[in-house]
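**Student:** Sharing the features that TrEMBL gives for it:
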type	residues	note
REGION	56-79	region 'Disordered'
COMPBIAS	56-66	compositional bias 'Polar residues'
DOMAIN	173-201	domain 'C3H1-type'
ZN_FING	173-201	zinc finger
REGION	276-313	region 'Disordered'
COMPBIAS	281-299	compositional bias 'Acidic residues'
DOMAIN	338-395	domain 'G-patch'
COILED	505-532	coiled coil
Amino acid sequence: MDPNEINALEESLKQYEQQLQAVHLALESSDGAQVSDLLELKQNLEEVICLTKTSLQATHGQNPATEATEGGRSLDDSSQSIDDEFARFQAEIAGLGGTSEPADVAGSAVEEDHSKELAELTDHLEGSKVRAPYSKDWGQMEYHNAIVLSVEAADIGHVDDIRVNVMFTHPTTPSMKPCSFFLEGHCKFSAERCRFSHGHAVPLSDLQEYAEPSFSSMQLGSTCLIRNDSDGLWQLATVDSDQASTLSKSSAGKIMVRLSRSGKAVSVATEDVLPLGDYGGAEDSDSDSDLDLSTEDGPSEMCPPPSEASEEDASVPVIAWMPNQSASFPLGLWEKHTKGIGSKLMEKMGYVWGEGLGIRGNGRTEPVEAVILPAGKSLDKCMELREKGLTQNSAKVQRKMLLKLQRQEEKLQRQYHKASKPESVFDFLNGQIFSKKHRADSKGGGARSLLAKEKSASQDIKSTSSKGLSVESLQVTEAIKKAEREIVRLGKSSARNKDRDKLMHAKVEKKIEEQRQLIRQLQSRERSIQAEQQHRMGNDKLRIF
């Protein structure tokens, strides 16, 4: 084959491959109506490329002798077929040229449509009523009625990326209440520093559909929110009237409700009531109304818990105090002996003295007995003992305390009589002389006992084998390291309590001195062991010599 024809085939092959790449790009950005035509065109191009590559391989594989003998007929036929395929390809490209669009044009059109849809969605959201979540400081999340104030339009690529700012219509906390100065446009605080709300940011996916309040579903015991006139906040309450279902939001009547926190019954206007219906409920309130830990009859004297119990009663719960069942014993009576912090806190939380505990004031009105559980026992064991009635009542505890106080008084009286006896000059001189003699004897005895201990320790070392000395030396070394670590720990404790607790600081310093004394004794023992080992090694060398 002529070299010019080979070059023409190679150029045609490059054009076919470029056209095939263009078809691939068009397939990625085309719709369903053009896919079938593009697939057929792709198949034709692949066939043409395959034929062209086959012709080129056959041309490069033939030698000049074979080419001269076979002639040019087959080459003419193959070139004619390639030309026909190329002509058909050009016709198909011309037919599809008006319908196919470039990938970037189609992509920009899709993005433009998507942006229009997002813009319409954001315009529709502003001013709409929704139910938005709000998390309290302690982590509890609740849904409240709100109005969409604005939509954060920055960096919106998908519907899930949309975030909206909402204003709650029935705020229950100051941080939920809309700032009036911000709504007027001249609040001097930022959103982080203002104690009221400048808008609560919420993802669009977390919003719920707004539900109109239904006054017809209100009945006795239904949960609702009422507005407080003093601060404009809404608080939880329960309906305390049978005529609640006959009211509506447009009616000008009033309704009786009972506040959940204080238990007070108040009358509020209908426009200041929001029925919670199915999507709301009363807040969980820990009430003591279900606690009824009454026990056997016993005295009502308030006695302190025993500091030490007998061995047979050490594993039994102790009833340190319980109210007198024969007489009324109101809550908080014991606080007359204290500053009454608990009573003041209960009053601030809305408790009315004389009423029961709980949100409705129907809980217990008497204090709970004080029970001291035995040390080292599991809670199941303590409850089992309590169910069996194996408890010490306050009378038994009081008897023990009286006996203990009586013993202490007798001891103090003996000390007083001993100190009040008249002492003559001769008694004083005899006491001084004999006390000095006793101290001298004790000092001499202590020195003799110390020498005896050192002598016995040296005899023990000499009688121990070499292997035993090595083991003991290792043990002494470990004991020294342990004592040093203990000194480091106690030193940190001493520095921590130096200015905080003088008594604890003195105790820690005493322990540090004891550990140092122990280290000195261990080091002395270690030197004795090393000296004995050196002595034995010298004897062994002399024997070998």
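Note that Cβ sites are derived from N, Cα and C of the backbone, with glycine treated the same way.
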**Student:** Are there residues at least six beyond either end of the zinc finger (173-201) with Cβ under 8 Å to its Cβ atoms? List them, or say none.
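**Tutor:** Distant contacts of the zinc finger (173-201): 132, 134, 136, 144, 146, 149-150, 152, 163-167, 231-233.
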**Student:** Would you mind giving the whole-number mean pLDDT across the domain 'G-patch' (338-395)?
**Tutor:** 74
**Student:** Please work out the helix, strand and coil residue numbers for the zinc finger (173-201) from the DSSP assignment.
**Tutor:** 5 helix, 4 strand, 20 coil
